Amino acid sequence: MALCLGQVFSKDKTFRPRKRFEPGTQRFELYKRAQASLKSGLDLRKVVQLPDGENINDWIAVHVVDFFNRINLIYGTVSEFCTEKSCPIMSGGPRYEYRWQDGDQYKKPTKLPALIYMNLLMNWIESLINNEDIFPTRVGVPFPKNFQQVCKKILSRLFRVFVHVYIHHFDMICSMGAEAHINTCYKHYYYFISEFSLIDHSELEPLKEMTEKICN
């Protein structure tokens with residue numbers, strides 16, 4: 001029997017602790033506004049549009065953190081089935097393989113099991129989100145000039161989580177009754193990156209058929 005979404009996507013299954021916005025800040029208010037729009041049943045294409053009078057970098061920052069939280073939750077749900085034995089390489093089927101490189105511990109693109117790749121990826125994103133020089137939270141502190149480039153890199157790598165989950169663990173997602181949830185999350189992500197041209201569409205090729213099926 002399929003489980004309800006509340007059971008499947010519970011907080012204790014989050015792969016990484018949720019990043020939260022500080023109450024009373026502009027970003028917290030934007031986050032609440034975005035969440036209210038999502039719950040209102042509005043067309044997701046409209047939900048992702050920049051509200052009048054708002055700063056685009058604030059809007060992107062709110063969504064990058066939100067997608068980090070949501071995709072963490074999705075992967076956390078299947079992570080116990082994503083082992084070094086079942087997924088010895090971080091991939092999206094036989095055609096797409098993702099190698100890890102961070103310029104620090106892994107200076108060259110390196111083949112890794114999906115679970116290790118995911119751990120490194122989430123640690124890397126978390127370190128960026130928590131870096132005040134990149135994601136400033138203090139009033140009056142500007143975003144760095146390369147902020148959108150950093151976000152493009154984060155969103156591009158988060159897309160790989162969707163690829164792996166859809167291609168290698170979608171049967172498990174369906175058996176949990178969570179297909180509609182992950183599809184909605186992906187649609188939200190896809191419309192957002194499309195609205196602001198945050199990913200080269202050639203990078204979305206691994207999920208081209210899925211995208212055409214659920215986003216058009």
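Placed from the backbone N, Cα and C atoms, the Cβ positions cover glycine too.
Residues or ranges marked as Zn(2+) binding site by TrEMBL: CYS82, CYS87, HIS164, HIS169. Cβ neighbours of HIS169 (Zn(2+) binding site) (same chain, under 8 Å, six or more residues apart in sequence): VAL78, PHE81, CYS82.
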Within 10 A of the CB of CYS87 (Zn(2+) binding site), the number of other CB atoms across every chain shown is 19
HIS164 (Zn(2+) binding site) CB neighbourhood, other CB atoms within 10 A
24
